[in-house]
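**Q** Here's the feature list from TrEMBL:
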DOMAIN    247-379  domain 'GGDEF'
TRANSMEM  6-24  transmembrane segment
TRANSMEM  36-54  transmembrane segment
TRANSMEM  60-83  transmembrane segment
TRANSMEM  95-114  transmembrane segment
TRANSMEM  120-139  transmembrane segment
TRANSMEM  146-170  transmembrane segment
TRANSMEM  182-206  transmembrane segment
Amino acid sequence: MSVNIQLVLFLAMGTCLIAGVAMLSEWRNFRDPAAAWWSAGFLLSAVGACLFPFREYPGLDILSIGLSNALFLASYSVICAGIGEFAGRRPSLPLALVPGLVWLLFWGFVPIAADFDARVIAMSVATAFISGVSAWIGFTSRINRLARALAVVMALRAGFFCVRTVWAAGAFGPISDAARSFGFQVVIIEGLWTSVLLGYLMLALLREKRESSLIKLAETDFLTGADNRRAFQMKAEMAVRHASERRVTTLMVLDLDHFKRINDAYGHGFGDTVLKHFADIVMAQLGPADTFARLGGEEFALVLPDRDEAEGLRAAEAIRIALAATRIGDEESAARATVSIGLVTTRHGRALVRLLDLADEALYRAKANGRNRVECVDLGKEPATAEAAVYRLSA
């Protein structure tokens with residue numbers, strides 16, 4: 001089968017150009033750093049593909065071999081940096097440019113670079129290494145399935161160029177000119193397919209990340225960074241639903257003591273500082289499956305899946321002690337705050353509304369017993385509705 005290599009090159013160049021412009025548009029509209037890295041990577045590949053056809057003209061090897069391959073390696077490295085950026089790492093532009101610069105030194109000053117097979121081996125080793133690093137970042141980072149699919153594509157590319165390295169080294173026997181030409185065609189086609197896959201996956205990743213950010217914004221309390229009541233309702237109900245006799249979930253209601261007095265004495269701005277400081281203390285102790293939310297005012301809730309009453313008590317005491325031991329504000333207006341906590345587990349009920357009522361009763365008992373304490377639910381007593389109302393007003 002005959003392949004029109006010029007047409008494939010043109011398609012690859014166009015694909016990279018379109019992907020680069022699309023990524024650039026994403027970056028301009030939403031300022032996602034990963035989009036900027038990926039845009040630069042695709043545009044570098046597009047320019048590299050433009051220079052490839054110049055190898056048919058004598059004296060232009062500096063463009064068609066030296067600079068073109070350097071741009072391809074720079075493109076792969078910049079895309080790798082973008083994957084790192086998306087995964088929460090801090091990429092370095094100088095480091096991303098190193099493979100391309102090393103290639104230029106190799107091509108310009110190493111005698112064996114004049115040999116076609118030696119150049120194929122050098123490019124294949126470099127490409128396999130960069131693609132392998134990209135795949136490793138994708139597989140070892142806490143990212144979603146789309147990003148894992150991107151990592152799989154990079155792993156396949158790394159494997160492809162490892163095989164090409166072995167082939168170019170003559171491990172499968174002598175290489176004819178026809179085989180070299182066919183191998184070159186396969187590489188160009190691989191580049192086209194990979195560009196299409198990467199462009200699609202990267203755009204989908206950026207848009208999914210943006211949608212997740214909007215959802216997170218809608219479910220987050222703007223002052224403290226904790227979940228809001230809506231998010232708490234969904235996450236807590238799921239945690240309670242998945243609980244069992246062996247997998248107990250603990251729920252707490254936390255209320256800052258005498259918060260109204262703090263606002264009256266120091267002002268509402270200082271009150272906001274107290275709320276943020278308290279939220280920071282709690283969130284520093286959260287596990288990945290825990291849910292912490294601000295229900296309103298100075299009242300918060302905490303859900304601890306797979307933790308029984310004893311573990312919940314230890315967590316609640318750690319929060320209470322940490323807050324009580326901390327001075328909030330500067331030296332001139334420093335103050336201390338305390339918290340009362342009511343605690344219940346799913347052994348006392350399997351309905352979220354019921355558990356919140358029980359935790360509220362335990363919280364009111366903590367208030368009645370002097371505040372700055374943790375109380376567990378006591379099912380031996382009837383709910384003290386009137387007493388609860390009094391302490392809710394005086395908290």
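Quick reminder: no glycine exception, Cβ is built from N, Cα and C everywhere.
Unlike curated entries, TrEMBL annotations are predicted automatically.
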**Q** Please average pLDDT over the domain 'GGDEF' (247-379) for the predicted structure.
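**A** Averaged over the domain 'GGDEF' (247-379), per-residue pLDDT gives 92.
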**Q** For the domain 'GGDEF' (247-379), what does DSSP give as the number of helix, strand and coil residues?
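**A** Helix/strand/coil tally for the domain 'GGDEF' (247-379): 60 helix, 33 strand, 40 coil.
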**Q** List, by number or range, the same-chain residues at least 6 past the transmembrane segment (120-139) whose CB is under 8 A from its CB atoms?
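**A** Residues 69, 72-73, 76-77, 79-80, 83-84, 87, 89, 99, 102-103, 106, 113, 147-148, 150-152, 154-155, 157-159, 161-162, 164-165, 168-169, 183.
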**Q** Near the transmembrane segment (60-83), which same-chain residues lie under 8 Å Cβ to Cβ, leaving out any that are not at least 6 residues past its ends?
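**A** Same-chain contacts beyond the ends: 34-38, 40-42, 44-45, 47-49, 51-54, 91-93, 95-101, 103-104, 107-108, 119, 123, 126-127, 130-131, 133-134, 137-138, 147, 150-151, 154, 198, 202.
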**Q** Are there residues at least 6 beyond the ends of the transmembrane segment (36-54) whose Cβ is under 8 Å from a Cβ of it, and what are they?
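**A** Long-range Cβ neighbours of the transmembrane segment (36-54): 6, 9, 12-14, 16-17, 19-21, 23-24, 26-27, 60, 63-64, 67-69, 71-72, 74-76, 78-79, 81-82, 85, 91, 191, 195, 199, 202.
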